[in-house]
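Engineer: So Swiss-Prot lists these for the protein:
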{"type": "TRANSMEM", "residues": "7-27", "note": "transmembrane segment"}
{"type": "CARBOHYD", "residues": "307", "note": "N-linked glycosylation site"}
{"type": "CARBOHYD", "residues": "324", "note": "N-linked glycosylation site"}
{"type": "BINDING", "residues": "444", "note": "heme binding site"}
């Protein structure tokens, strides 16, 4: 009787493994429901290595590769086993309607966020509750209340810039802008600022640790299990410096045995910061007070999202205005005409009425998209018809604010920085196609804050 040796078993196992992947590749390329759509064949066989190459190895270049693929193949490109990229403003409008039934793709969002947070929550019902809890802290009314404090922080930053200029010291505008926005968003989320503006060279370990953690996002979307292992290993080490900032604020609630007593909450929470609202069980019907770990997760997500997105747009805007003298002069003349003295108080509502300032900010947000990557959504159980073809439920449909804000059917000379496009007769039609803040039930809660940052920065600068 023949008894296979260890080498024989190894060869057999390898052969079966190779055969499995060959058959799987044949199925995905020729028999999968999405096989009719064109795109990179390697992506159709396996998302992981394709994403790793473009996003990690080439440092975030996948969105530009997808843009090239759309030019080659058209508005629909297969970019994964079960993934389609759509570059069509009208399809985007249909997908983002409140009644569309599209939901966040949990495979993607668990890689870039924490489960159960305002960004990471994929259940529509739970997401609505969390959004209702956070809305008061991020509303236009709250923007008005904190507008003077924002201007104080901008002035503090500019004083440091002036001191550097007097001593001929070079500063990093990226670090300066990120320090400003972090101090503002920490006030909104935690109830107090972290103090990044006062740090030497505007460098802060809190920001650097957050950036280091979220740089793993490129690996996470390609190899989710590896990312999970990396985060677990990080939690076992001393990589938790953000807790040193957040715990003093959350522990005062979590450590109390009477945390669910409304009177005790009311005595401690001024309801001005996100943490106060999260810890109040009466904030919204159906809201459950999160644990300390869940609070930390939400804080990290809000601080990171609020800092990176806003500061990147601000940096982009400053560059574009300084690089375009006609825009600079027109904007300066409008501001000087309405507010002759830099010491004059300017309110958020007054600034929103200035047409060229508003147009400039819209153009900054169009081209300097805070979140340029893909935002995948799952087709609902009822399915979805795309150009006459029925797509099966749970297919992941990817759209991108970067692509939507540059689509030539909507934007003439889409790569040109031109605030005047927002002052034409048909400019109101453009607003619904501005994909910067998403649309529908998933519209960005921080939209008003982004506008206020830009106004404060441009006015003072």
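In case you wondered, yes, glycine gets a Cβ from its N, Cα and C as well.
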Engineer: Please report the Cα separation of the residue listed as 'heme binding site' and residue 324 (N-linked glycosylation site) in Å, rounded to an integer.
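Structural biologist: Here the two Cα atoms are 29 Å apart.
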Engineer: If H, G and I count as helix, E and B as strand, and all else as coil, what does DSSP give for residue 324 (N-linked glycosylation site)?
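Structural biologist: Reduced to three states, the DSSP call for residue 324 (N-linked glycosylation site) is coil.
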Engineer: At 10 angstroms around each C-beta, which of the glycosylation sites 307, 324 has the fewest other C-beta atoms nearby?
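Structural biologist: Sparsest of the glycosylation sites 307, 324 by Cβ contacts within 10 Å: 324.
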Engineer: Between the Cα atoms of residue 324 (N-linked glycosylation site) and residue 307 (N-linked glycosylation site), what distance do you get, rounded to the nearest Å?
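Structural biologist: Approximately 26 Å lies between the Cα of residue 324 (N-linked glycosylation site) and that of residue 307 (N-linked glycosylation site).
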